[in-house]
Amino acid sequence: MSPSYPSPYPAKTTCRYEFQGRGKERVQIVFQDFNLYHSSDNPKDCDNQDSLIAFVHLEGRMEKIDNFCGTALPKPVMSNGPRLKLEFQSLIASRYSRGFKATYSFTESFLEPITSGLDQKGCETTEDDPRPGRPSVIKTDENIEKIGRFIREDRRVSIRGLAEITGIDKECVRQILHESFKVCAKMVPKLLNPEQKESRMNIGANICTKQH
């Protein structure tokens, strides 16, 4: 929880919360209350605002995956591995801003339907404007790069797992894997060892032979 919660938190304060699991465990954060001072007219603009930033371990370094601000309760967040860091940054003190409260847990059941709390940039649909926590369904270079980083880091991650971690819609993840990474299975093919790859190629060749 934030400093002094549920009383207002102090201004010009930085707090870091680091979580370290074991083995294949992942860190899950569930928010119970979220109320940060926000001066911008855009509730999704967290630049130069009191905010809570989430980091995960990617390719040997901690990388920011999301930034929460305002008063909208974020959806649960899950890390891609056993490490997760939250960084709370307050710039302005307000007697009406009580901060945040959340619980954490370490779990290996990361294929359960848990939605990530990522607030993405929009949606190419006829629905209304994107809301905080809504999964992104737009295929952007940013989303493609994000998917690529996660499958390089964890080659055993599933489509559902990628959707949960990144906050991207599951069908959008499937489309990105198929069109951008030439993957058309539930698991990333890089998992296959040389013998498995050869076996798969032989099976495919046999199927083609039978069809002709």
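The backbone N, Cα and C atoms fix where each Cβ goes, and this holds for glycine too.
What TrEMBL says about this one:
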type	residues	note
COMPBIAS	121-132	compositional bias 'Basic and acidic residues'
DOMAIN	1-107	domain 'CUB'
REGION	119-138	region 'Disordered'
Exercise for review: By DSSP assignment, list the helix, strand and coil residue numbers for the domain 'CUB' (1-107), in that order.
Suggested key: 0 helix, 54 strand, 53 coil
Check your understanding: For the domain 'CUB' (1-107), what's the model's average pLDDT?
Key -> 89
